[in-house]
Amino acid sequence: LNQVRARYHEMSRSARNNQEHHTQEMGLQWLIMRRGESFTIQLRFNRRFHSGTDYIIFVAETDEPPTELASDFTIHTNSLFVSLFTPANAVIGPYTLKTDISQGPGHSTTHPLGTFILEILLQEYIMMDYGFVYNGHERVITPWPWNYGQFEEDMIDICFQILNKSLYFLENPTKDYSQWNNVVYVCRVVSAMINSNDDSGVLQGSWREDYSPGVSPLEWTGIPMLFFSLVMRCLGVPTRVISNFHSAHNVDANLTIDTYYDQHAEMLPTQKRDKIWNFHVWNECSMIQKDLPPGYNEWQVLDPTPQQTSSGLFHCGPASVKAIREGKVHLPYNTPFVYAEVNADEVVWLLEDAQAQELLAHIISSIRKEISTKMVGSDQSQNITSSYKYPEGSREERSVFMKASWKMLGPWKAPSPFLDLLGSGGFEDQLAQLQLYLTRKAEWGQDLLPKLNAGSLADRAQPQGPIRLVMHLRAQTLLHDGGTWEPLWRQIVHLTLDFGEETQWLLLLPYNYRNKLMDEKLICVSGIAKVEETGRSMLVLKDISLGPPRLSTEVSERAKVGKALRVHILFTNTLSVVLSHCTMVLEGSNRPFLTFSLGTLVARHTIQIQLDLYPHQSRTPPAASPHQQQQIKEIKGYKYIFVAAGRAS
């Protein structure tokens with residue numbers, strides 16, 4: 001038997017193994033196996049195998065001590081079909097498979113058979129190589145097509161290279177590698193390695209709208225910029241992308257975000273790092289943490305782009321979603337920070353002479369207005385806010401908030417009046433009620449028509465006569481991290497309200513804002529009204545999200561492997577201005593980018609592009625069609641294309 005002719009590249013059943021383990025999309029260059037399941041190989045010998053006298057031991061070697069694999073076999077003339085069973089708690093990574101062959105006790109010979117890779121399982125959260133990141137505003141949520149690319153060529157190698165470059169591995173490779181069977185450990189390592197704040201990570205973060213010399217994230221569609229979900233899905237960990245709209249960044253962990261305005265209703269910059277981001281994206285991984293109580297496993301939050309360190313490194317999580325909902329901020333990992341992201345209150349101050357003069361609002365519903373992820377089997381967003389918290393303002397939500405406040409703040413950090421403020425719901429002694437709303441849908445390229453609604457309220461402490469208001473209104477560009485720029489629009493309104501009277505005031509915000517906005521096209525309209533009778537001030541706020549023109553992608557027939565597929569792409573410039581230097585990029589799974597120069601598009605003009613694609617795999621990727629130019633970067637379209645297998649020739 002010492003002429004064993006099996007090698008990895010001769011393992012004729014590798015294609016079937018990868019298919020049975022749902023890893024065939026990663027290619028046949030590697031034998032990629034799921035942990036806790038069996039795979040089959042075929043050995044060929046120079047004579048018939050005799051089960052009574054011939055002995056074979058299968059050994060899988062990695063940087064850990066060798067592991068003897070349990071096996072079952074079937075004899076067929078000079079061949080041996082062997083099923084090998086991998087432990088469910090085995091370390092993930094590449095293994096070298098060897099056999100020790102002997103005839104009875106005594107000398108044995110060792111034969112290397114090849115290499116295989118062990119992974120950890122689920123269709124939507126592992127096998128799907130495309131999905132959506134949801135951005136924009138909680139009232140105008142935009143699906144952003146994303147190609148994860150975990151099945152792209154060499155991606156499995158790249159994932160392990162990321163692990164091998166971590167600070168833990170560089171410091172002690174043996175100790176680091178021995179923990180690759182611990183999903184919590186691997187997730188924390190990958191979370192640290194996606195950002196490059198303190199190691200040789202993948203991405204360099206920029207939070208102030210200047211992405212040079214890199215590329216704006218709004219121009220990404222996936223794998224050119226590796227990110228956490230790609231790596232974890234490639235390693236076999238169920239992972240989904242989460243968007244938290246109005247996400248708190250509460251550095252000092254006091255569960256409040258302070259915002260400041262001057263008497264003219266202009267939001268002021270602050271040196272404090274506490275901000276309310278328009279939206280923030282993190283990930284959830286499904287796993288079991290042995291140090292969590294029963295019922296607190298499954299989905300765990302991991303954030304590979306945190307703004308502060310944990311255990312000396314920039315990584316965050318895994319934090320139990322159930323623990324966040326119940327206010328169990330003492331549970332690992334980084335649960336207090338994630339809890340604050342979805343639960344902090346906003347406290348708004350009137351600032352004069354660099355001092356907070358008046359408390360304008362205590363808003364308990366400003367943060368976490370919606371938490372979204374991709375719905376299973378659909379491109380629609382699913383609101384999962386209830387997984388993170390009880391209904392806003394409910395007795396359960398406020399009770400959990402106060403419990404978490406005491407745990408996070410403690411009596412030594414916050415005096416009793418402060419916690420009383422946190423528990424209060426707002427102000428009940430206002431003389432008037434103010435509201436800003438849009439009279440028509442806000443569209444990029446159009447004038448905006450907000451309307452102010454003001455009504456007098458009864459108050460026992462004041463006479464039932466008219467009240468006079470002087471209202472300053474401002475519109476400012478809203479940046480991604482919650483900051484603003486100089487006002488792009490100003491107006492003053494004088495109102496006199498009789499007791500119980502309600503009035504409306506139509507406002508006009510002209511389209512000269514077009515060169516003053518950032519990529520996300522968000523405007524914050526704010527108003528501060530001073531009541532002449534009391535000297536008190538009132539605040540009214542309205543965020544406006546401007547959606548870009550839409551791009552549609554359609555196919556005329558069913559897609560089959562190897563058969564030409566006609567794709568129609570339609571785009572109308574709905575703006576009143578010319579779009580210059582337009583470029584369209586067509587992307588799909590496992591296919592190179594196709595780039596088209598469109599030149600200049602005149603206002604109100606429609607273009608149509610037709611092209612033929614030749615699918616080479618029977619898969620179900622979307623064809624994403626980002627459309628980019630200097631004025632607007634985030635015009636995107638997408639289309640699911642279900643590719644059927646071609647006929648065997």
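Cβ atoms are placed via backbone N, Cα and C, with glycine included.
For reference, TrEMBL has these:
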- ASN343, ASP345, GLU392, GLU397: Ca(2+) binding site (BINDING)
- 7-21: compositional bias 'Basic and acidic residues' (COMPBIAS)
- 209-306: domain 'Transglutaminase-like' (DOMAIN)
- 1-21: region 'Disordered' (REGION)
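The number of other CB atoms found within 10 A of the CB of GLU392 (Ca(2+) binding site), across every protein chain shown, is 13. The Cβ of GLU397 (Ca(2+) binding site) has 17 other Cβ atoms within 10 Å, all protein chains considered. ASP345 (Ca(2+) binding site) counts 23 other C-beta atoms within 10 Å of its own C-beta, drawing on all protein chains shown. Model confidence over the domain 'Transglutaminase-like' (209-306) is summarised by a mean pLDDT of 84. Cβ contacts within 10 Å of ASN343 (Ca(2+) binding site), excluding its own Cβ and spanning all protein chains shown: 24.
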